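Inspection log for the structure reproduced underneath, given as structure tokens.
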Amino acid sequence: MGFFADLFKVVYSTWRQYIYTTGALLTLTWKWFTEGNEYFVEHVYPEPECLKNWNHKFVQLKNIRMHYVEEGPADGDVLLMVHGFPEFWYSWRFQLEHFKHTHRCIAIDMRGYNTTDRPSGISDYNLTHLVEDIRQFIEILELKRVTLAAHDWGAIVCWRVAMLHSNLIDRLVICNVPHPFAFFEVYNMSKEQRNKSWYIYLFQSQYIPEIAMRSNKMKMLEAMFRGSKAGIRNSENFTDEDMLAWKHVFSQPGGTTGPLNYYRDLFNAPAIPRKLQIVQPKVLILWGDEDAFLDKKGAELSVQFCRDCRVQMIRGASHWVQQDQPQLVNVYMEQFMNEDSYRPIGEIKTFKSHL
């Protein structure tokens with residue numbers, strides 16, 4: 001049965017990739033017929049002022065040079081923040097501003113993003129390398145007392161960091177991504193989650209996703225953050241200048257290929273040994289309950305894979321929770337990092353595991 005189950009998964013994945021890629025190709029072809037070449041003209045956007053007045057640094061890892069922004073006292077407890085797709089360090093701007101008075105705040109650009117190096121091969125974006133980047137970053141900078149905060153793809157990576165290198169971090173803050181084993185449970189039992197995951201299959205394809213993202217003045221990127229379905233609900237927290245910052249980063253040559261390669265190598269991720277599936281550091285999961293991409297059931301199911309885990313549902317917030325409701329996110333993070341003062345706020349549910 002194992003062979004046939006694996007064969008079915010391969011066929012199913014290939015079929016969905018074909019369907020979504022064909023749909024995207026037909027849409028782009030239609031746009032070419034109706035709007036002409038102008039639709040596909042690529043623009044490189046200037047760097048806005050909002051990206052300039054920060055403390056930018058680089059560190060040389062074994063295989064890449066990584067860019068990061070650092071704010072706050074050098075001797076403070078470390079808050080290390082890891083962004084998702086399609087984001088970059090600036091997605092943590094509200095947390096950098098809030099916590100810089102008490103913590104050594106660091107927000108990185110993951111490999112392939114912004115001014116961090118962009119390896120050319122798809123296999124260079126395997127989860128093994130992504131986890132290793134975080135491990136090396138922590139060890140080379142000799143970071144101690146680390147709270148690791150992560151969103152989206154950053155959370156996919158940091159769940160693994162917490163499982164494989166639990167000695168490097170004290171606490172883990174996860175924004176809108178379930179534990180990988182919890183995601184598999186939700187995906188297998190929920191048709192709604194499988195439908196929400198359509199983009200994963202589209203992004204497996206070569207070239208077409210890049211064309212779609214960079215065409216039409218990057219309207220696809222705008223829709224992700226400002227659209228009615230998936231976008232940030234509290235629009236005042238994502239300004240025109242913020243949108244320009246995103247376009248500036250992802251309009252650079254090669255600016256979309258590296259991030260998309262995360263998806264292209266996703267199914268080659270090494271299996272996590274069962275004995276390591278339980279996360280040992282304390283975990284806080286923050287979850288915007290209007291996530292267009294991930295079912296909130298995954299957050300609750302994640303508790304069983306953690307030794308000590310709390311889940312805070314944030315009502316009226318999108319997938320981009322730390323940008324959408326930064327004040328609440330900051331309060332929850334602050335209370336979690338100062339464990340003695342932690343408590344749920346209002347009517348937001350709290351779960352705690354008993355492992």
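For all residues, glycine too, the Cβ spot is worked out from N, Cα and C.
According to Swiss-Prot, the domain 'AB hydrolase-1' annotation covers 78-323. The active site, nucleophile annotation in Swiss-Prot covers Asp152 and rests on similarity to another entry. The annotation active site, proton donor is assigned in Swiss-Prot to Tyr263 on the grounds of similarity to another entry. Residues or ranges marked as active site, proton acceptor by Swiss-Prot: His319.
Distribution of Swiss-Prot features across the structure.
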residue	record	DSSP class
Asp152	active site, nucleophile	coil
Tyr263	active site, proton donor	helix
His319	active site, proton acceptor	coil
Within its own chain, what residues at least 6 apart in sequence put their Cβ under 8 Å from the Cβ of Asp152 (active site, nucleophile), listed in sequence order?
His83, Gly84, Phe85, Glu87, Cys175, Asn176, Val177, His319
Can you tell which of the active-site residues (Tyr263, His319) has the fewest other C-beta atoms within 10 angstroms of its C-beta?
Tyr263
What mean pLDDT does the predicted model reach across the domain 'AB hydrolase-1' (78-323)?
97
